[in-house]
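Asker: Structure in structure tokens, see below.
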Amino acid sequence: MRRRHGFQTPLDPHQVSSFVIFFGFVAGVYAFYLPVVATAGVKWFLVSFYAVAVISVISLNIITGFTDPSDPGLRGDRDGEFWCSLCQTSVSGTSKHCRSCDRCVERFDHHCKWLNNCIGARNYRYFFSLVSVTVSLLALQIAWGLWIFVLSFTRKDATKALLLRSYPTGSVNYIGWQTSLALYLVVLVGSVLMLGELFTFHIVLISKGMTTYDYIMIQKELKTHALNQESSNNNLIRSSDNSDANFNTTSSNKVGETRSMSPEGYANTSTNDSESHMGGHGVVGGQEDPNSTEQSLRPSANAMLSHPNSNSTGPNDVSSSPSTIPSSSSSSSPALPQEEQGGGGYDTGGRGGR
């Protein structure tokens, strides 16, 4: 069934887990951070600021998920220049058919499992804003949490008193609270590292005017080109080894024949060969008969050395198919983040159905 937005069932498990993890981060702020804020005015300011940031992340997530990135041809907005046999409609040249969503997406970037939606021309700016705001929010949470964690050791009595006042039970396991805060910060740091890599990756793509799909295709071409070159080099090495082996075998046979002859036999053979050559190949009185077209059946030493193996393959005989790689595929291309590697719900073999 053709998907129109990211909240259309069935929901992706990655999408559900992303909401669970994010609200877990929000709960951690109220469990670990706010209870140790002494001043009421500062606490309300932090609560208000954090609430606005959380609402921004949730809003961008909903907007990105609900935006339909389908090609205008599917929405009936305009006709395209290519025909998609899967969508049975004309689409634009930058569109790509996503197998997970069963639709062509205009300026296809990638299929995001965390949003359960494709990212394309219509929702890419919302997607990038979502990643940017989320990274910034989590980075601030890490800085805030580290400050509280340090205070829990340097101002232990004051921190413990604030915790006892904040929790209704009136008692708290201080060591357990510190351990939980440390684990919370570890998870936060891991999340920021992954999202930060994704954010940096898209910064590079934007600067080069590329999409994630373009990057994946370029990497595949580079890999194929490298494999072809390696195969060609291996063929040259094997061909050279075979040529050397054939030459050594031929030389050994010639040496064996020479050693097995007696002096008399050698002389007789030379005479007979000379007579045979002179009589059988049109040589009269030391002059070559111009009417004779036969050649000696016996290879000369120079010919043997020049052509040790007539079946050997030279460098010019090796077929290669170098690919034309765009300039954006330099060695400084960034590594593909986990988000992009895991979102491959599309056919990377070309534009589907066209």
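Please read every residue number as a count from 1 along the shown chain.
Cβ coordinates come from backbone N, Cα and C, glycine included.
Feature annotation from TrEMBL assigns transmembrane segment to 20-38, 44-66, 126-150, 181-206. If you look up TrEMBL, you'll see 81-216 marked as domain 'Palmitoyltransferase DHHC'. Marked as region 'Disordered' by TrEMBL: 233-354. What TrEMBL lists as compositional bias 'Polar residues' is 233-273, 289-299, 307-318. If you look up TrEMBL, you'll see 319-334 marked as compositional bias 'Low complexity'. Residues annotated as compositional bias 'Gly residues' in TrEMBL: 341-354.
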Asker: Within the same chain, where does the transmembrane segment (20-38) have neighbours whose Cβ lies under 8 angstroms from its own Cβ atoms, ignoring anything closer than 6 residues to its ends? I mean 6 or more beyond.
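Answerer: Contacts of the transmembrane segment (20-38) (Cβ under 8 Å, skipping residues fewer than 6 from its ends): 46-47, 50, 54, 57, 134, 138, 141, 144-145, 148, 151-152, 158-159, 162-163, 166-167, 177, 180-181, 184, 188, 191.
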Asker: Looking only at the domain 'Palmitoyltransferase DHHC' (81-216), what are its DSSP counts of helix, strand and coil residues?
Answerer: 82 helix, 18 strand, 36 coil
Asker: Over the domain 'Palmitoyltransferase DHHC' (81-216), what is the model's mean pLDDT?
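Answerer: On average, pLDDT over the domain 'Palmitoyltransferase DHHC' (81-216) sits at 92.
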